[in-house]
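Chemist: These came from Swiss-Prot, pasted as-is:
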type: REGION; residues: 1-111; note: region 'Disordered'
type: COMPBIAS; residues: 45-62; note: compositional bias 'Basic and acidic residues'
type: COMPBIAS; residues: 78-98; note: compositional bias 'Acidic residues'
type: REGION; residues: 116-160; note: region 'Sufficient for interaction with NCOA1'
type: REGION; residues: 127-254; note: region 'Disordered'
type: MOD_RES; residues: T138; note: phosphothreonine
type: COMPBIAS; residues: 142-159; note: compositional bias 'Acidic residues'
type: MOD_RES; residues: S143; note: phosphoserine
type: MOD_RES; residues: S148; note: phosphoserine
type: REGION; residues: 161-254; note: region 'Sufficient for interaction with ESR1'
type: COMPBIAS; residues: 195-223; note: compositional bias 'Basic and acidic residues'
type: MOD_RES; residues: S237; note: phosphoserine
Amino acid sequence: MSLARGHGDTAASTAAPLSEEGEVTSGLQALAVEDTGGPSASAGKAEDEGEGGREETEREGSGGEEAQGEVPSAGGEEPAEEDSEDWCVPCSDEEVELPADGQPWMPPPSEIQRLYELLAAHGTLELQAEILPRRPPTPEAQSEEERSDEEPEAKEEEEEKPHMPTEFDFDDEPVTPKDSLIDRRRTPGSSARSQKREARLDKVLSDMKRHKKLEEQILRTGRDLFSLDSEDPSPASPPLRSSGSSLFPRQRKY
């Protein structure tokens, strides 16, 4: 049977093997009854014939399915080809700007004649255009040279500012400050305003030197500098030393 037959042929081809298989089985039964002397040989021949019939039916069935599958696939290729044929070309600017009637714009012949006559007479045509007002120019970006010129000016202004003393100012030879040991309590009748005090490094250094000097004086004489200034001992009398227990309890002599 050929594989190119239609649906009717495939149905007939499937029905024919079934009838043949029935005939084969009936023939096998008849052979089994008649051939009593060689049952093994007849049974082997019957099995071979049965297997051959089954292989033929399987081949025909698979061929029919392939034929049925080819029919819808051929029909499905047609819409795919139609889809691939769909294409579009965008319109040009002139086609988009066409008027409603579809004809391109063209000046009337009388206007064309008038313009040619003006060109022949005057040589040039006056441009008919609306002159729009001008806007102010855009300020130009500042160049790097101008910026570099402005930076020294800013530095000069900073240098011209008066220097304010701070606690970190240091002089090689600090000026000895005034005596700051005087009690600065406000006396009755004086102004309540107090002078603003600023911390300066030279003052800190001078205070350190003064305290060191006081310590050396106390260690050398055993008396405080204030007591020496307040008392006026006579030069003949020896200096009175205070007991070491009052000033230096740890420096007693035994």
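Glycine is no exception: its Cβ is also placed from the backbone N, Cα and C atoms.
Here the structure is a predicted model, which means the values were calculated and not measured.
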Chemist: Restricting to the same chain and to residues at least six past its boundaries, which positions have a Cβ under 8 Å from a Cβ of the region 'Sufficient for interaction with NCOA1' (116-160)?
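Modeler: Counting only partners 6 or more residues beyond its ends, the region 'Sufficient for interaction with NCOA1' (116-160) has no Cβ contacts under 8 Å, so none.
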Chemist: Do any residues at least six apart in sequence from S143 (phosphoserine), in the same chain, have a Cβ closer than 8 Å to its Cβ, and if so which, in order?
Modeler: none
Chemist: Output the one of T138, S148 that, of all these modified residues, has the highest number of other Cβ atoms within 10 Å of its Cβ.
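Modeler: That would be S148, with the most Cβ atoms nearby.
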Chemist: I want to verify one value. Collapsing DSSP to three states, which class is S148 (phosphoserine)?
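Modeler: Helix, per DSSP.
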Chemist: So, in DSSP terms, is T138 (phosphothreonine) helix, strand, or coil?
Modeler: coil
Chemist: Report, in whole Å, the straight Cα-to-Cα distance of S148 (phosphoserine) from T138 (phosphothreonine).
Modeler: 23
Chemist: Could you count the residues of the compositional bias 'Basic and acidic residues' (195-223) that DSSP puts in helix, in strand and in coil?
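Modeler: Split into helix, strand and coil, the compositional bias 'Basic and acidic residues' (195-223) gives 21 helix, 0 strand, 8 coil.
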